[in-house]
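Asks: Sharing a structure here in structure tokens format.
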Amino acid sequence: MADSVIQVSDSTFDSEVLQSKVPVLVDFWAEWCGPCRIVAPVVEEVAKQYQGKVKVAKVDVDQNQRIAAQYSIRSIPSLYVFKGGKIVEQIVGAVPKHQIISVLDGVLSTAGASPSGGTAA
């Protein structure tokens, strides 16, 4: 797994995701999930591309059932974008990279950061 993707758990979710100063893309996944394995390298590419602008985190729903239940994760992979501690976007299923980028660019444009090079505070 790329260094730019962090693993979060029930105990670290609040500090890593909800209290983050930058938007956070959270990949809810499980090891047994085939589509999750398909989307994983795409999520890692996105993490590298948006490093410093968006934090990318993974939550294993089998090991972190409290968070999965709290956000009513019913299908995986589910990609949620959090900003200011709130869900602002949701993507369910193995989607192409351009769809994830489009969502993140939209979130960043409302944060005042330019996806092509500007940075958010």
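Placed from the backbone N, Cα and C atoms, the Cβ positions cover glycine too.
According to TrEMBL, the domain 'Thioredoxin' annotation covers 1-109. Under the heading site 'Deprotonates C-terminal active site Cys', TrEMBL lists Asp27. Taken from TrEMBL, the feature active site, nucleophile applies to Cys33, Cys36. Residues or ranges marked as disulfide bond by TrEMBL: Cys33-Cys36. According to TrEMBL, the feature site 'Contributes to redox potential value' maps to Gly34, Pro35.
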Asks: Validating a neighbour-count step here. Other CB atoms within 10 A of the CB of Cys33 (active site, nucleophile): how many?
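Replies: There are 19 of them.
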Asks: Please report the distance from the Cα of Asp27 (site 'Deprotonates C-terminal active site Cys') to the Cα of Cys33 (active site, nucleophile), rounded to the nearest angstrom.
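Replies: Between the alpha carbons of Asp27 (site 'Deprotonates C-terminal active site Cys') and Cys33 (active site, nucleophile) there are 12 Å.
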Asks: Around Asp27 (site 'Deprotonates C-terminal active site Cys'), how many other CB atoms lie within 10 A of its CB?
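Replies: Its Cβ has 26 other Cβ atoms within 10 Å.
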Asks: Please report the three-state DSSP label of Gly34 (site 'Contributes to redox potential value').
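Replies: Looking at the DSSP assignment, Gly34 (site 'Contributes to redox potential value') belongs to a helix.
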Asks: My understanding is the cutoff is Cβ-Cβ under 8 Å with a sequence separation of 6 or more in the same chain; which residues meet that for Cys36 (disulfide bond)?
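Replies: Listed in sequence order: Asp27, Trp29, Ala30, Ile76, Pro77, Ala94.
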Asks: Summarise the domain 'Thioredoxin' (1-109) as counts of helix, strand and coil residues per DSSP.
Replies: 41 helix, 28 strand, 40 coil
Asks: Say we define neighbours as other CB atoms within 10 Å of the CB. Which of the recorded sites Gly34, Pro35 has the fewest?
Replies: Gly34
Asks: Find the average pLDDT over the domain 'Thioredoxin' (1-109) in the predicted model and report it.
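Replies: Across the residues of the domain 'Thioredoxin' (1-109) the model's pLDDT averages 95 on the 0 to 100 scale.
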